Amino acid sequence: MYSAKNRFVQAVQRLQDFKNMYDYDARLATFADWPFTENCKCTPESMAKAGFVHCPTENEPDVACCFFCLKELEGWEPDDDPWTEHSKRSANCGFLSLTKCVNDLTMEGFLRLEGDRIKSFYRKFSTVVLQYVEEEMTAATKRLLEYFSNQHHCSIDLDH
């Protein structure tokens with residue numbers, strides 16, 4: 001099982017990796033190995049237009065994640081419509097509610113949108129962040145108690 005630190009690092013890395021995914025072509029490029037390419041609704045183009053990034057794993061080659069709300073969907077079938085599936089499972093996604101192209105937003109509009117994306121990240125990963133902080137605090141407390149115990153040649157009960 002991953003430690004909270006590993007999950008935290010992975011979550012922050014995903015937030016960083018996805019910051020450039022406002023660009024349709026960047027999202028589309030992630031679908032190079034997408035299993036559905038023609039004669040279906042969930043082509044790479046339609047997936048990228050709906051805000052998805054292809055995030056395959058060894059066991060799940062069709063995992064797609066919205067770069068904005070971080071909703072992961074898998075088990076795609078040829079007749080699945082990316083916009084419909086996305087809105088069914090993440091109706092409050094800020095990307096879905098855009099009324100114009102990201103490139104047409106004002107600086108204020110873009111900053112508001114990016115703020116919403118970061119809020120989505122914290123909503124999804126807040127427990128991971130808190131668990132990581134708690135583990136770090138516990139480890140720091142233990143190190144300090146051990147240090148002072150060694151400095152003053154006394155024993156300190158770490159359980160109380």
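Numbering starts at 1 and runs along the chain as displayed.
Keep in mind that glycine also has a Cβ here, set from the backbone N, Cα and C atoms.
Secondary structure at Cys66 (Zn(2+) binding site), as computed by DSSP, is strand. Marked as Zn(2+) binding site by Swiss-Prot on the basis of similarity to another entry: Cys66, Cys69, His86, Cys93.
If you look up Swiss-Prot, you'll see Thr43 marked as phosphothreonine, on the strength of similarity to another entry. Counting every protein chain shown, the Cβ of Thr43 (phosphothreonine) has 17 other Cβ atoms within 10 Å. DSSP gives Thr43 (phosphothreonine) a coil state; it is part of no helix or strand.
What Swiss-Prot records for 27-97 is repeat 'BIR'.
When the neighbouring Cβ atoms lying within 10 Å are counted for each of the binding-site residues (Cys66, Cys93), the highest count belongs to Cys66.
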